[in-house]
Each structure stands twice: as structure tokens, then as C-alpha cells.
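TrEMBL annotations:
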DOMAIN    19-110  domain 'Core-binding (CB)'
DOMAIN    131-313  domain 'Tyr recombinase'
ACT_SITE  Arg174  active site
ACT_SITE  Lys197  active site
ACT_SITE  His265  active site
ACT_SITE  Arg268  active site
ACT_SITE  His291  active site
ACT_SITE  Tyr300  active site, O-(3'-phospho-DNA)-tyrosine intermediate
Amino acid sequence: MAPPSAETVGPLDTVPAEPALKRALQGWLDWLSHEKRCSPHTLSNYTRDASLFLIFLAEHLGYPPGVKDLEHLRAVDFRAWLARLSADGKSRATIARRFSTLRTLFKHFERQGVLSNAAIHAVRTPKLAKSLPKALSVEEALELVELVDVLAAEPWVGKRDRALLFLLYGCGLRIAEALELDIKDLPKGDVFVITGKGNKQRLVPVLPQVSAALSQYLKACPFAQSPNRAVFLGSKGKRLQAGVAQAMVRDARAYLDLPDTATPHALRHSFATHLLSGGGDLRTIQELLGHASLSTTQRYTDVDSARLQAVYAHAHPRAKRQK
């Protein structure tokens, strides 16, 4: 019987692979579903990406692969997969996402003691073409927030990354503002006091989901807490660097097929855009973002010009006088 094609991928039991490997793959999917709480859409993407790789590998090797075959794959084998995707006309973003899935899978297998393969780390995915900045959709922003938890090497790191991105998207913080937070700065209630550019303070409401994400991270963090300790820590217990956060988002956006403008800063951009498109007042959004100028806030929003003009006219006193 011929193996399923890229157009007919179904459940794992239809994929050409030895039973032990299928069981390991199902264990990974169960872990993503029950432990990481991945959405059905994310699980579907992971299943499809892994299945397509195994279909390719069965053709590449000439027989259904097993656990040992994955362990013995060389960099040239992974590059052959990338070459096949490129020859099939897949976009760079799709290729990067599918290889990101493989890295996630192999990382999980290594943590579980199923197999270990260092060759996958030597393979680089194609660079993504730059595109114009654009706010993420609500669905994209939430998927990005949830996915960084799945991709993390350790559970506490996943909770850290999720809490950090929730702060950016749920509170509109700058990445520098979030990373500069100390334990003593965390809100006792439902409002943050944020010190932004020019030492200017502003009040930012804290959503219950943000509070819950922060609480889960702090409980999981292995380092002792003290008032002057940084909230977000790196693997050695020092204050997390912006470059680490940017790399974390870069890995997640590759999986989700998002453009390279989907950065930590884009989540702040999305916070403003979604508030405005939901009927928020431009002046209030200006205060939440900590902008000195209303025109700066206007540049942050990514809605149609008619909507922006209407809100601006309602918020700006000079516009009112011109009516």
C-alpha cells in the first residue's frame, strides 16, 4: 500500500512508522494537549507537520522509520527535508514552522529519554523576508502567548515566557518595562504602577489572566524570591535579557507562519490596536501606553482610517472646536 501523500495526512495510525515511534509521537501529542493545554488548531498543526516529516522520511530511507532511525539522522537528512519542502513550493515561513515543529518534537523526546540527536541543532532554516509592521490578530496574539510555553526547554521557563508575553499583550508594556520589573513592583491589587520613559509613571489595569500567568510563573520559578529580585529571570538566575525574549518569540512566530515583524513590541502594538478597534478611547489608550503625544498613539493603532478619524475627533478637544 502506498504511503499517504501530503494531501491525505490523517491520524498517526495512517503514517508510515514503526509502532514504538507512533506510541512516542502519541505521547508527545498527549503531553501537548493535557500538560501544555494546546488549542485544537495548534495540535492539528503539530500532528500534520510531524506526519509529513515521517512520510518524507519513509520515502527517504526506503522503509518506515523507527526510534533508532530518528536518533541516527544526520544534518544532511534534515536538509533533504527542507529541500523537499522548497521544491514543493512551500513558503519560507512554512518551511521554518515545520522545522520548528521537528525541533520541538526532538527536544521533547530528549527530555523523555526516548532519543537524542544533536544533528538537528546544526541545521539552519531559511531567513524570512521582511514585511511591513502589522498588528497581530487577537487569535494570533493569543496563540503566540500560549505557544511559547510549549516550546520552552523547561516547564518553569515556559511559564515565564507565557507570563512575559501576557504582560506585553494584556497590559501594553514595553519589553524593557517588563524586564525591569522587580518583585516589589508587582501589583497588590488589579492595577500596575509602571515607570516608563522619562521616569514617567502611569497606571495600568491588570487582567485576571495576566495575574494568573504571573502567579503560575512565580510558583514554578526555581530561584528564591526577594523584593529587589527581578521578576523575569534567565536560566542562571540573573535578570532576563531582551535578546533572549526576542529569540523566544522568533521561534514561536516561525511555527505560526507569522512575519518577522511579530516581535515582543508587536504585542504592545496589538494591545493598542485591539483596544481601539473594540471601541476604546484614543486618549485613554495614550495613557495606558505612556505616550507623551497623541500622535504617537495614533501611529500605534492599525485600524481603518475612518474608525481612527472618528475616535480622534471624539477625543481631541481641538477637533471638537472645529466641528
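Including glycine, each Cβ sits where the backbone N, Cα and C put it.
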Next item on the list: Between the Cα atoms of Arg268 (active site) and Arg174 (active site), find the distance and write it as a whole number of Å.
Entry: 7
Notebook entry, point to check: In the structure shown, which of the active-site residues Arg174, Lys197 has the fewest Cβ neighbours within 10 Å?
Noted result: Lys197
Checklist line | Number of helical, extended and coil residues in the domain 'Core-binding (CB)' (19-110), per DSSP | finding: 75 helix, 0 strand, 17 coil
Note to self: According to DSSP, collapsed to three classes, what secondary structure does Arg268 (active site) have?
What the structure shows: helix
Notebook entry, point to check: To what whole number does the mean pLDDT across the domain 'Core-binding (CB)' (19-110) round?
Noted result: 91
Check: Taking His265, Arg268 as the active-site residues to compare, which has the smallest set of other Cβ atoms within 10 Å?
Finding: His265
Note to self: With DSSP assignments reduced to helix, strand and coil, which class does Lys197 (active site) get?
What the structure shows: helix
